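S.K.: Quick one: the structure is below, and I'll ask about it shortly.
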């Protein structure tokens, strides 16, 4: 994720007291060309899928009024954070991990160490906000929901806290010129009584992984118990049944998103917690391959969400098919309706219901079972209260 989190970490006071792996300028983590090529293809694949997919997600939500819900505003924030981290850090981190030489100067060194923690914080707390919003909507449906203005305020607070948490990474970032190469590292202050670096990384791991996952696990467990304990009623409650099914689909999709994030980032956090407490394990040559695999899995989390949305949500699927219409099968009329405004959709529902009732009337009229049949049918149609289209 950042330059410090590397198998060839350099650390020390004032950028001069660097580790043995860096002090002599020798790079013992040189790989053959074929390995570098395979890793390059894997990492560039993440960037392409993540950036394109998340940008399309942002467009689908912002370009269609029906998609501008509280949950989807948080999905926009999640997509922005993941696309930005993939675009600005994945390739640079890969290049530094492979070559163990920093080519990009002090300014980008600071940004490279600072931004990923902020982006991960914004990502996982956007998911946490969605979980809490679903909890309030389903467990406490009578309580007031967040407005669009309040949602934007929450997103702003999330980013403010993210920047504050990541600021030490920016403050202590530095570069050092060694014999034969330049390195980017974090020059942590040293204290006799406390290991500031170790405390910071343990706190970061708790705040951007374990704590939000516990909150989301509790929220979705309560929501799942409530939704799946509810039985879908008969035809007389068709609207309620449709709402219940829709809520279940949204919760299923978000549970898949959260589980994917948790699986992708768990090896990464375990790797660097071990690095803090057992640094001697990270002097072996094979550790670079472990690092590249762990980092690839973590970075790949940025490309899965658009695929999940496409597979599990019909509205997102319709939006993706609109964007990639030249490559996808023809979009059906029903799929295009998914992105229409609520007023238009309500009108279509009313028309379909009227057509259904007209068919029933004509069937009863044509049956000829009794002389009173047509009269009763016309009376039933005349007394039917058609749903009104909102003005």
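Glycine residues also receive a Cβ, built from the backbone N, Cα and C atoms like all the rest.
Quick paste from TrEMBL:
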- 36-62: transmembrane segment (TRANSMEM)
- 53-309: domain 'G-protein coupled receptors family 1 profile' (DOMAIN)
- 74-99: transmembrane segment (TRANSMEM)
- 109-184: disulfide bond (DISULFID)
- 111-132: transmembrane segment (TRANSMEM)
- 153-172: transmembrane segment (TRANSMEM)
- 199-229: transmembrane segment (TRANSMEM)
- 250-270: transmembrane segment (TRANSMEM)
- 290-312: transmembrane segment (TRANSMEM)
- 365-391: region 'Disordered' (REGION)
S.K.: Are the transmembrane segment (290-312) and the transmembrane segment (74-99) close enough that 3 or more Cβ pairs fall under 8 Å, when only pairs 6 or more apart in sequence count?
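M.R.: Counting Cβ pairs under 8 Å, at least 3, so yes.
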S.K.: Which value does the mean pLDDT take for the domain 'G-protein coupled receptors family 1 profile' (53-309) in this predicted structure?
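M.R.: It averages 91.
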S.K.: Starting from the Cβ of residue 109 (disulfide bond), draw a 10 Å sphere and report how many other Cβ atoms land inside it.
M.R.: 24
S.K.: Apart from its near flanks, which chain residues at least 6 from the ends of the transmembrane segment (290-312) lie with a Cβ under 8 angstroms of it?
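M.R.: Long-range Cβ neighbours of the transmembrane segment (290-312): 1, 5-7, 39, 42-43, 46, 49-50, 53-54, 56-57, 75, 78-79, 82-83, 85-86, 89-90, 93-94, 97-98, 249, 252-253, 256-257, 260-261, 264-265, 267-268, 271, 320.
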S.K.: Which of the three DSSP-derived classes (helix, strand, coil) applies to residue 184 (disulfide bond)?
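M.R.: Residue 184 (disulfide bond) sits in a strand per DSSP.
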S.K.: Do the transmembrane segment (111-132) and the transmembrane segment (153-172) share at least 3 Cβ pairs closer than 8 Å, excluding pairs fewer than 6 residues apart in sequence?
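M.R.: Touching, yes - the transmembrane segment (111-132) and the transmembrane segment (153-172) meet the threshold of 3 or more Cβ pairs under 8 Å.
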S.K.: Mind giving me a neighbour count for residue 184 (disulfide bond)? Other Cβ atoms within 10 Å of its Cβ, every protein chain shown.
M.R.: 26
S.K.: Going by DSSP, is residue 109 (disulfide bond) sitting in a helix, a strand, or coil?
M.R.: helix
